[in-house]
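Undergrad: Sharing a structure, written as structure tokens. Questions coming.
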């Protein structure tokens, strides 16, 4: 069969499978492609094709991730599945695979397990906004009451991490049956039901271009007779010539007006998300603005120094530290375009952090940086990446 060309007319959503080892994440991923391939909406990917995912490098961290794509009547999906638990942790923290929603796979025979909890916590910390549950291996549980208890337990667990446990769709089924071609209630029908739940429960993400304007400053030039130009890649939103913007981070926030936008030496009316632009700024001196600051829509982002974060610390093999670090550790935090020194505070009861750990920390930066929740950063020592993190909440 020739590769079907995916129509880009449908809205695009990024999702992934999460959950405890051996609860059936990869089998479910394969089953979704199998069932949708039957409707001409996917290319079937066998379990082994997904399980032997190639390794990718994201910010110097090696992550094994499988990517599959498929579509429903309503949408086009990109779906990520990771073979190992450590890969999930790294993936979610680095944002290598940004998820608009996740399918939490729980084995009906076992109920929630330690990694089920950890993945829900990570989803909460790194800002995966919506979760749909697939209660897998339901054919292995004969007792209807037992199934109801497991469902109740999952709902309580989700609620305890601030997800709306009572409202989250839980679909019972057997990924293996569906993969083997079973057309019954727990087989193919369960997969179709799951996709309907994903379609209706996970909302369409707000596209980068629809968010308030933000551009990290990469470089600054003076153009004699014209003024100061800040260059960078527009991270989100649109900036039009004549609009007011704020310069945020590192110093007191200042307002200015964009009097020109250029790209590839051509003058434009506006710069949009994804564009590499130079923005000419009115009344700004060369020394008023520097790399590491951002240009942003006024009032849309503020500078902060203290925040809570979820971080993954690289192993020695990944090029990270060879030794643990302790409370008061002072590395550099690389936000967008610049390194800022910060002091790490470990949670009470945590003595030290070993290479390969993922950990919740509080960070105090020595200079304020424009940030909001969900912002990713690298942890570096003298230019070498030793960790990756994401801002989970801002303190001050």
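Glycine is no exception: its Cβ is also placed from the backbone N, Cα and C atoms.
The shown structure was predicted, so the numbers you read here are calculated from the model rather than taken from an experiment.
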Undergrad: Which range, 45-49, 50-54, 55-59, 60-64, does Swiss-Prot list as region 'G2'?
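TA: Going through 45-49, 50-54, 55-59, 60-64 one by one, Swiss-Prot flags 60-64 as region 'G2'.
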Undergrad: Most CB pairs under 8 Å with the region 'G2' (60-64): which of 19-26, 81-84, 136-139?
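TA: Against the region 'G2' (60-64), the leading stretch is 81-84.
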Undergrad: What does the structure give for the C-alpha distance between residue 26 (Mg(2+) binding site) and residue 19 (GTP binding site)? Integer Å is fine.
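TA: Cα to Cα, residue 26 (Mg(2+) binding site) and residue 19 (GTP binding site) are separated by 10 Å.
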Undergrad: Tell me, by DSSP, whether residue 19 (GTP binding site) is helix, strand or coil?
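TA: Going by the DSSP assignment, residue 19 (GTP binding site) falls within a strand, counted as strand.
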Undergrad: State the count of C-beta atoms found within 10 angstroms of the C-beta of residue 22 (GTP binding site), not counting that atom itself.
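TA: The answer is 13.
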Undergrad: CB neighbours of residue 82 (GTP binding site) within 10 A?
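TA: Result for residue 82 (GTP binding site): 25 neighbouring Cβ atoms inside 10 Å.
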